[in-house]
Amino acid sequence: MTGPKGGYYKAELGEPHKFDPTFRGPVHNRGCTDVLCCVIFVIVILGYIVLGTVAWMHGDARKVVYPTDSYGQFCGQQGTPNANKAILFYFNILQCANPTVLINLQCPTTQLCVSKCPDRFATYIDMQLNYRRNKSYWDYYKQFCKPSFDNPDKSVSLVLQDEDCPSMIVPSRPFLQRCFPDFITRNGTLTVANKTSFKDGHGKTRSVVDLRDAANGITSLLDAKEVGVKIFEDYASSWFWILIGLVISMLVSLIFILLLRFTAGVLFWMVIFGVIVAVGYGIWHCYWEYSSLKGKPSSDITISDIGFQTDFRVYLQLTQTWLIFMISLAVIEAIIILVLIFLRNRVRIAIALLKEGSKAIGCLMSTLFYPIITFLLLALCIAYWAVTAVFLASSGDAVYKVMSTRPDCKYTNLTCDPKTFSQSNVTKLCPASQCTFAFYGGESLYHRYIFVLQLCNLLVFLWLVNFTIALGQCTLAGAFASYYWALRKPEDIPPSPLASSFGRALRYHTGSLAFGALILSIVQFIRIILEYLDHKLKGAHNAFTRFLLCCLKCCFWCLEHFIKFMNRNAYIMISIYGKNFCASARDAFFLLMRNVMRVAVLDKVTDFLLFLGKLLISGSVGVLAFFFFTRQIPVIQEEVPSLNYYWVPLLTVIFGSYMIAHGFFNVYAMCVDTLFLCFLLDLEKNDGSATRPYYMASSLRAILNKKNKRPEEKKKRRKQKKEQPNKRH
């Protein structure tokens, strides 16, 4: 609320107090804020380190990297019998339904580590027949049998019953460290080693299509691998030019920000004029269509008469449609013009603040490179979270489950012991069932709460990420506030404002930043849980549950964006006044509410110009990259590398340029927001007198018809007042 003289009041212990009239910039004599939250934050970080250490002690990343056979042994693990056997081989791939089953190691067949994949069609029956003539057949076939088995004379039925050897082998090649059939399409026909049929080892002739159905999607994955190799080659040959393109986008972004002080107004009014002209043309076109259809038969039918039609062109034959379009566009045109007429001063203030932001960044160039620190901290948080998640997921001992191809087997997915499985009743009640490795787990307290620990890992990760972003926002806000509250710019700007602001934020306001980050993290955590539930309930037919979940997702999305907006402004107030988070958020909220129209106009003008800048930079650099990689620039045509897909470096340059522009413009947006809040505070606590001058730029004072009175002018006026009575006498 405002006082009788325009000063800003705040409620504290029930008594109103004005802002300190002697305030001249960010407060330096500060105290620590939200100490309790700071202590909790430090304890949580220490606990997070402990969690990562425990996960590292119990987990094993090799369980994720290396494939595991039916006995829970790693393929390719050094110091084990499988040291030279890095590829996983499936005894009967026909029993695998799809590649998801294969990759998750849930295929109901024996899985064995081998040194290489088979390169020929063969069956165990054929091997026994040929073995009597040439023992080399057995020497080749036995490398795909269990290591302990070396009896080629054993009957076929017993070998297949005991799963000593596969009933057949097919030409395969390794993919994801697993042997998959080597599919090749020749003249539109699917083949494996130039064959379209094979024997399955049980006396039946099967089609290669059966293999494809068993390994559905593998061919597309293999094609994706080939494409991936080509993309890697393109990156290897064009990385230097990609780097040049990103450097160009960085320089263009910097120049664009510095030039905004001269072009912000021109850009805004040009686009607004273009929108007005475009909408005006739309009104004229709608009127022309309406006039053309007015005299035609059946064109005066109403939309409600024809009802819903899938072909939209039907509605374009009605005069009512074009009348609705014309009225809608006329209303939009009127709103735009009225807004420009009645809010023109606020638009001018927004443009002036954008120009002032460009000047501030020109004086504080180091702020443009602060996002590098934020990026490094975020990379550290992401890496620690990912490693901890992997080690938590790989904690525990090998768990084995019964796998069967028979749908009526009641023992399917029950735990089992591979050592005693062959003597159990399961093999009698469910023939062809297997005791196969499923995952890593355990029955201890630690293993029972792995899922809870993963949730804790996610929540703390979100907290650290949001704290890192909050630290960057508070640091930049403190630096730009130092610029605004310098009466003479740049002479009165304190030395090293960015470093000083960073030190103040860490030393005094870690608790406040952690508090705001925690609130946002909890909301984001709930949103992730809602997304997970929505994914799980996609097949549900309960309409009310889906509707309720959709409403909750929408509400929490809005809440997250509101909290982000309030946190951003609260951090600005913290950087200026050094109060705790709740007091700063309250002050920022009421300050913005008292100037809600200015906030709305500035927010939209800023978002519009920055979005336009991002598109302009990424688009211009993308066009330049397109002409370069397609050899359409004659001067440097010979320097273009030979590429498989020219769109690989092109899309990389466009996306990278957009992200670089986004990083630069985030700093600029923070600068404008900080200057805006300082501007509002300046208006409320100062009156332009010699003791309380305005700190805003002269362009802003001119728009508001505000002036700073000089002490000399004040003395002259006093002297003139004293002389006037003497002249009268």
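Don't overthink the numbers, they just go from 1 along the chain as shown.
Using N, Cα and C of the backbone, Cβ positions are placed for all residues, glycine too.
All TrEMBL annotations are machine predictions without curation.
As recorded in TrEMBL, the features of this protein are as follows:
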type     : residues : note
TRANSMEM : 35-57    : transmembrane segment
TRANSMEM : 239-259  : transmembrane segment
TRANSMEM : 266-284  : transmembrane segment
TRANSMEM : 322-343  : transmembrane segment
TRANSMEM : 364-387  : transmembrane segment
TRANSMEM : 460-487  : transmembrane segment
TRANSMEM : 508-530  : transmembrane segment
TRANSMEM : 542-559  : transmembrane segment
TRANSMEM : 608-630  : transmembrane segment
TRANSMEM : 642-661  : transmembrane segment
COMPBIAS : 705-721  : compositional bias 'Basic residues'
REGION   : 705-729  : region 'Disordered'
Contact between the transmembrane segment (35-57) and the transmembrane segment (322-343) (at least 3 Cβ pairs under 8 Å, separation 6+): no
Considering the transmembrane segment (239-259), which listed stretch of 266-284, 322-343, 364-387, 642-661 counts the most C-beta pairs under 8 Å: 642-661
Long-range neighbours of the transmembrane segment (508-530), counting only residues six or more past its ends (CB under 8 A): 30-41, 458-459, 462-463, 465-467, 469-471, 474, 549, 552-553, 556-557, 559-560, 563-564, 567, 570-571, 574-575, 578, 580-582, 584-585
